[in-house]
Amino acid sequence: MAAGTAVGAWVLVLSLWGAVVGAQNITARIGEPLVLKCKGAPKKPPQRLEWKLNTGRTEAWKVLSPQGGGPWDSVARVLPNGSLFLPAVGIQDEGIFRCQAMNRNGKETKSNYRVRVYQIPGKPEIVDSASELTAGVPNKVGTCVSEGSYPAGTLSWHLDGKPLVPNEKGVSVKEQTRRHPETGLFTLQSELMVTPARGGDPRPTFSCSFSPGLPRHRALRTAPIQPRVWEPVPLEEVQLVVEPEGGAVAPGGTVTLTCEVPAQPSPQIHWMKDGVPLPLPPSPVLILPEIGPQDQGTYSCVATHSSHGPQESRAVSISIIEPGEEGPTAGSVGGSGLGTLALALGILGGLGTAALLIGVILWQRRQRRGEERKAPENQEEEEERAELNQSEEPEAGESSTGGP
């Protein structure tokens, strides 16, 4: 009994496989009518034909005859010429359709169809799009949304017309697919995150496209977006340049302060004096004409960007040179400049003095060692001279006594 059941199951599987393999693929848009022709059937009654279908509406093969009638007529019915008519195909109509007909000469003809349905969604859109991105850190570009597709299809992102590959060069994509419980249509969402490179394109172009799950259907593309890319500027890159150098001028002179910020787009520049903001419009240049005592103090510039915190430069000191006085050597930025140079020269001078003292001490030690070595040599010479003198004195005495 079990063997017979297994054989029957295999026969059913093989019959279904044969139907699918030899079937003609038919694609129909959801909601539109579909007509399947029964090959070999007489165009007029009497007809000997039979339609069998296995779809989402049936648990097994459903048989339809030309006589028709019943609730199935609203779903599918046999036309007088033997064709099968579906007034409005839906997702449940996907499956296998087979027609077996015999002509008036008794020749049997079979027709096999594999029906697939589809629904093209509306044009996808990018929602929650960013107007500005920050270089060097992950940013959300936006979310691409496609609603009402069947099959689900896929969403893809593009940068300047070229496909973006997730998990490469700071690109990540978070996808979500939902299916409507009643219509069976799909809604796709794709969230794009990128890390723009420093020094890259300041206005990249992003777009998203929907590709249907069926061949021979063109992709649908969103309208492009062009967010700006802003590069955060480290504090040390906000430079304050003062003219004349040093910031010391005679009364009535002019001082020009320039705040240099190598960032795109350029941030707003505000000015501060002695830690208090100056009531001036944003400008990268501050000119102080006809310097007076009231203009003396410490100045700095603050670079402010819409999506970033303010960044302040180091301070520069502005002072007045009175007649007969020399300007301060340290009208420099944050105690640097000439003050730093003087400190470096002082350190080098100290090191040179120490080296000179060490050289003198070593020279004196060498002189002392040389004198200590010469002292014993002089003592030996004196002893030799004394011995010679003693030997010469007896000889002189003998020569004197032995005279005539």
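Backbone N, Cα and C define each Cβ position, glycine as well.
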Candidate in C38, C208 joined to C144 through a disulfide, as Swiss-Prot lists it: C208
Which candidate, of S172, S336, S391, Swiss-Prot gives the annotation phosphoserine: S391
Nearest recorded site to C99 (disulfide bond) by CA-CA distance, among recorded positions N25, N81, C144: N81
Those glycosylation sites listed as N25, N81, and which of them has the most Cβ atoms within 10 Å of its own Cβ: N81
When distances run from the Cα of C208 (disulfide bond) to each of the recorded positions N25, C38, N81, the nearest one: N25
DSSP-assigned states of the domain 'Ig-like V-type' (23-116) in counts, ordered helix, strand, coil: 7 helix, 42 strand, 45 coil
